[in-house]
Amino acid sequence: MKRIFLLIATNMAILLVASIVMSILGVNTSTMGGLLVFAAIFGFGGAFISLAISKWMAKKTMGCEVITTPRDNTERWLVETVARQAEQAGIKMPEVAIYQSPELNAFATGPSKNNALVAVSSGLLYGMSQDEIEAVLAHEVSHVANGDMVTLTLIQGVVNTFVIFAARVVAGIINNFVASNDEEGEGLGMFAYMAVVFVLDMLFGILASIIVAYFSRIREYRADEGAARLAGKEKMIAALDRLRQGPETGAMPASMSALGINGKKSMAELLMSHPPLEKRIAALRAS
């Protein structure tokens, strides 16, 4: 839940700044056309900027150490395994990195299939068997091959646009209703209007998070299927079972955990970016 509230708070700050900037620029957001342009620019713009800098952000945020020259047999095996799987999946070799964390996790990020980063935690690298790590790597390579970074960015852009547009349309309706019942016809006033927009942004933002999480869970099942093809179904099941027995994740930011192997648990499954590990194992066994 903390991840969701943090995401909503960040979006609220962005929308507040966006509203001020658009007012300074004189963009009329009182009409449907102007409002839609405003919503699309900031809805998709923010999502694609995040995608464009995703590799850089991942390296800085997680302290990823990209392997350029393997220092030992473990790193050499890691790079060779990703290279083999990338060739099988028909994509350009991603950058391979390690980040220091005791959690059992890995993630993929990057602006495109042929410009990606696959990173694993030190806890996973030295706490799982080679077969299990191979399956985890195959899962991340499948995310890249499936174009999940771009897909989730497009979905995020659409729901961002919906949140910005819908919140201001509803706020406008409320403002007009208040004005029609006000002798002076002034409506809510600037500060009250902004407060209403803020609350509506939060409410619609929660709905948007549920939608994005739903599509993220679907992509996880697809990545599991892809990993089963690249590394073998039994290896993937064993890897998920090992993750199920490990400690709960907590170090990875939400922007990267959506394409990680092991997602954070939530009180509400609707807000989870990953299906429960038990369901993922059951889906693989049934396939």
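Here the Cβ of each residue, glycine as well, is placed from N, Cα and C on the backbone.
Here's what Swiss-Prot has on this protein:
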TRANSMEM  4-24  transmembrane segment
TRANSMEM  33-53  transmembrane segment
BINDING   His139, His143, Glu220  Zn(2+) binding site
ACT_SITE  Glu140  active site
TRANSMEM  154-174  transmembrane segment
TRANSMEM  195-215  transmembrane segment
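Everything Swiss-Prot records as a feature, shown here on the structure.
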residue : record              : CB count, 10 Å
His139  : Zn(2+) binding site : 30
Glu140  : active site         : 29
His143  : Zn(2+) binding site : 31
Glu220  : Zn(2+) binding site : 25
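A distance of 10 Å separates the Cα atom of Glu220 (Zn(2+) binding site) from that of the residue listed as 'active site'.
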